[in-house]
């Protein structure tokens, strides 16, 4: 989910300044450095049942200091507690029920084992959903070693279940920064096994290999990267002429984008607001800043539930779309006094300024659905004349001297990650896209991909979609030969030109 | 909330059989004892912040055994801990912000003190919202004594805050059944003070006065009752010729009904489903049983978020409405195999049978938005061949021998009470209606009301609405004299005939 | 369509002043003479194909002066041209396809011939749709004589088709006023036949019988009246103690009301605006005056197509509904300068004043969906400083001295009647309601109905709805015995109390 | 309207076979001769008021044989009747009111006269709207000569008005094929004037210059083409290496596409169905074939008005979108028996086959919103066992031997062109796009454009949108310097990457 990353780690050592720059040109977020965080991280922040199963009162011994062996006698892993494997297995099985696309992919491709010979090193959130992905890759013939892309997001019991079945996993919830890199290193640097594929989420694994084991790239057939941050890093490498293998940007595939932004936010804006504030939507005056995919999703949902929504935009085309969709296009300062809710979805910074916060009416709710934590100038609220009162988890009342309260959600961080959950179905779209990208890169004939960053071929994008249609009992129509000829199309797709806007 | 009450009473002792019958003709529900429950009770079941403030780890001494005095030296109350008063005061102040209609009523009517001389004994849920109501009644001139209509729903800190300001309150969270009647008795039976108005929610207070202190009715000018159950009891009394004072049924006023059912359920169906299952609504096939106000609310919301909704109905007029609103009208058995979600909103029993549960597909979610816990035949699921697995609070997986799972929410009880919250704004509508009903009955000239059950006069219903319009910055148009004459209307309303359907 | 009738009668001679008063208390409208007009009259004003078939270039001889005989040798009728019968028959057949409820009623009731013995004199618009009604009544056993309730609305070919099959019809398009009463008289006053049922639309037939043949009422079992005007007259008669037979007000049945107002206007507002102005709805700022059923229909449709809609209201309950449905509630004067479209749906007068017209922006479209032609103060626009320019049928530009143009539709008369068509399905609802009312009144046991005005029993209202469900392939659910008992309902309905609001 | 063109040419003589092929690879359509038709052509087919003003009973003398002089003494034009100029002027003035973007462009750019020196030869529909475009070009400094791209679509009075003000126009309604090419020739081939810019709609003018006056291209700075057909021809020329000047494809600009397809069809599907059939949308079962922009527009509108809509798709991504938007995805044959309305929006052929037509239920309406007249296999219906009955303009009943009727609209041609109108606002988008493309090409520095086909630069696309925002009183937000820097954007746009999907 492109716009939804950020977490500040502070003491990462880079070998030299030049490299550091290379990786940090992309706008950084609050907190000194944000590494890549992907969507599933939300499970740690919020209400998902799965997260709650993770026993946080475990003993305090570091997993690095424990000797653990799975029931098959292997100790090539490092997780919090291998004994949680059974519990994690159930979590994986529940996730499988909503990820039938991957299960279906297993079945369709299993005969040919399209990943036979693939040695994949992966660095992602480690959740029940990624476990379904990993076990799909294994079922398709791959060998996998895995680590976590985030120090907080690992579901320990899932890691245990993976380790139990023989996947070398190095991850636990609450790693230190040092642990984080140690885990990555253990993943990559193992005797008698060398990765030939990389699946990354945020670019840290890729970075580590570049720094420590550049020779690994001689055998690597490709990198699959799913985060905005990681993709940005890859483009930087490519621009600098340093990308030495093909890379696939799965973040920007059509299907994934629509689900991460339009469809997902259409639901999570309601969920996030309701869980935190119990607000009644009917009749509320809402301004949504930004009418991109995220803004469109928010506006659709809120309007449907009886809110009176207006928008702000900088782009005249999006503004005209908003008009045609029935939303007044205003400047924020024109309406700020009347609004009950202010939502940012711009990807920009300081969209809501202190001056505007000063003019809001009592009880106005302010939240961010857009990008990191930059959109609302939260820093400006940390001033002595204002009182902060935490009234609930993720909900602060900022109190002005005259008693006016502004309700700030998630301290300006992403509402949908902090106060809502991501449906497994959305994660299934992403995981399936990743699996297909790995298959494509691993099996591509010599020369199809150069040392550059590619989008997933449209035909594969269509395939991801088609694998998810059975969930809706949706029946595709097939072109007849005559029709395919008339349209100048292959009957199996791709069905649209690359520039098609959907 | 009219359709949302249960009152399963098992061991309450009645003076004689006849009376018992009178009070129990109304269908009783399962569950050990829930008393009459009104909507705000949801705060105990769910995620509301307020509920979480109640310190459940308090000392174990029964409030009845504690000697407590407020800072004014009064001990005419019985609450968990008078020291929580300050905390409760803050809760009340927060609630006031969303109940500006009551605050406004205080201001408009305060000069004349329309309740001067009123001695009100009340039995409702004791929450921050009812505290705003009680303090409004006091501001309008009334003396009040209060007790809880539910043994679980009291917010202790709010009760403390009320007691601190001098309202004799007898209530705490977790009363025993004996405590429950003891509190009621303490409210009614006090030296030197005799109630002349009754505000009841569920009819228990009214019942108690009937049984124990029938002479009180000589001075009582009226009863205001807000629950379906209580209203039913009053109609029974009236039918039996035993109602000895006027009673006002505030449950069926237009404004309250629309908010309790249509508007509230439009939001709570989404909230209830999302919090419990993290379901993605887009593309889901949903059948809603019943297309009354609750069903209409559910269907509107789900359709707007991309679900494919069909309905079942027994009433051809409602069925035709569903057609015109774009929903297929089906029999449940025709579609049950394909559905992802089944929602009942009928007020009937056994709408979803075991046979239909047997035919559901794997993962189908079943829940009840209608009436009590009768709509889904949950009892039929408690059989040896099925396994129940509690996967989350309020969420059970019922597992068939072949591995099929049906996801049952809140064990078939009301989803909107169990797994969602009720916006304060909706409670404000109810509380304002109650206040106006008390004012009307207390001030009505002799003879306007007989010993019967009345609906709130339409003009008052309109007044409730008008008091809530400022929340939306809505500006009413006034009739000119000429227009009023042309329409044959009074400029101040009522504006519609009684049979108007809204 | 209930609220959409006017009848400005200026020169009709009444026997005495008292009676005249009785019939003219209802607000009269401008215009030379429009008689009571019902909805189907729209077919003459607008684009319906049927209307265009009527050969207006017929010879000029008055039908009253022509000797015509049908193929069965009868001359007991008076139509424009009996030779058009075949053409009319086809029109009737086409209408039958959308009026399957009546066809179904024919079949269900035919065995028992519930109207055997009924002698019905009818006065309605004479269109293909009423022909289907008349032929249904005949199929059910009735004898019918028929005349037109409007001098312009008769489809001559349909009248011919009816006459050909033996129904004595007296009606043609373009009757004079004298013709109008002559036709009514010929219907009622015939040797050897005396009506025992009256079906009226506007009250003129009823009036004529009262004036000329009061003795007829001795045998009449009841009057069925479908227009607002006619119903108003009946209530006046009843109030004055002069109603001497039972009358049924079919105008106010639930099903008919919903279709005439909410469902029909939801579509006709778009149709009426588009046909006259080719306006693009997306992004247009629209104010709808009045949020009753008509206003709700207009608002729903316009919002759905991307207009930005606000409303005005005098009734706080309706205003609050508008808030919850997502519409800003404003005073007209607050927004008039910004509006692209102004729509009146109030039933009131001078809702749009000259002062407001003066403040509208250039190009603003003004139209009336409400009541007669009173809502917009059109008279105020007929002043010397303003120029009227007819730019299209039903479209005038009113040009201010500074060049500003206001676009006035249908000269302020009802847009939906003047510039749109009424779907046959809506007419089917009305016709079925009329047929059932006739059956009910004709077969009611002595004493069920007194000399008063009644609403259609709810069970019959439900039956009308149920007869239309097959059009949508809608399948009703039936109550089990156990469920019916639990609900306290008869399995065959009625399913709701009379006060139910739908 | 991009996808809505046909050009069936049967007898046009080309100099050589090779060229002919080059121009006819694009699928040709049935019909005697329609030339390339652009959207505004709808005005001739349908109900637009403007069209009706054209006096079709004019004298029969060919304009080519008439000597006409305007009031300025010029005779360099050929129109039906120069005396209609005043009437045409009024039409133009009315159109100007909805084309404020062009008027605004005139004002903004007039000081600098960005088209000073431009000599534009144009071939488009000649309507009030194009007149506003032409006069804008003149106001910006251009000299223009104009001819019609369609033999039927010219509004004679508008042509007269243009001729009167001195624009050499050669066009009238009802040209013969010979007239058509004569007019084009008169436009291009005039002494002492040589075009340096071409504005074409369909490619006929461009073709003529290629064939007859190839030397003209030496001075031409560019071609602007707005139709699918013309654009296709240009790409063919480019591919064949024969394009000798830069060409701009304005058909595929974002803004134009959204309005031609999504926004316009959202309204015209309702309008087209209503005008032809008076259908009530509520409850109707509708299948929409194709869920591209046109299909999305149709589905949105129909669903909003209460129809029950399902879709067919060949593309899994679009199919998944349909699921998420709440539409069942089916194969046509699965649902065809139940449908009330079948709408094609695929751009494909034989989407509705005779076999499917055979299975439709009685009264089913079939129409085409997609491409030309290929989507419904209308030819298969012209067989002896079926009876065609024309029941209204553009409406045929096809009657099966068993009496079943299928309602075919516009004989399978485009419903939105045949039975609906195109709002002036949509035409304004197109015209503004054309004007900006001409300005861009005329002023582009040497080398910016090669001999190739270009899309309008995104910044200009954004400018078109921004010029239309004032119609909605929409207020754009401007980036601060700091924000622009953070986003890496120029404050004046473009604001999105080229691949952005909107």
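The backbone N, Cα and C atoms fix where each Cβ goes, and this holds for glycine too.
Keep in mind the model is a prediction, meaning the values are calculated, not measured.
The candidate list B:189, B:196, B:416, B:443 contains one residue that TrEMBL assigns to the NAD(+) site with B:292, B:293, B:294, B:295, B:296, B:297, B:313, namely B:416. Take the substrate site that TrEMBL assigns to B:127, B:226, B:256, B:260: the candidate from B:201, B:204, B:271, B:278 listed for it is B:201.
Residue B:256 (substrate binding site) is surrounded by 23 other CB atoms, counting those within 10 A of its CB over all protein chains shown. Summary: among the binding-site residues (B:201, B:260), the fewest other C-beta atoms within 10 A of the C-beta are counted at B:260. Taking every pair among B:127, B:201, B:226, B:256, B:260, the residues recorded as binding substrate, the greatest CA to CA distance is 19 Å. Over all protein chains present, the Cβ of residue B:226 (substrate binding site) has 29 other Cβ atoms lying within 10 Å. Confidence in the domain 'S-adenosyl-L-homocysteine hydrolase NAD binding' (B:261-422), given as mean pLDDT, stands at 96. In the three-state DSSP scheme, residue B:256 (substrate binding site) falls into the helix class.
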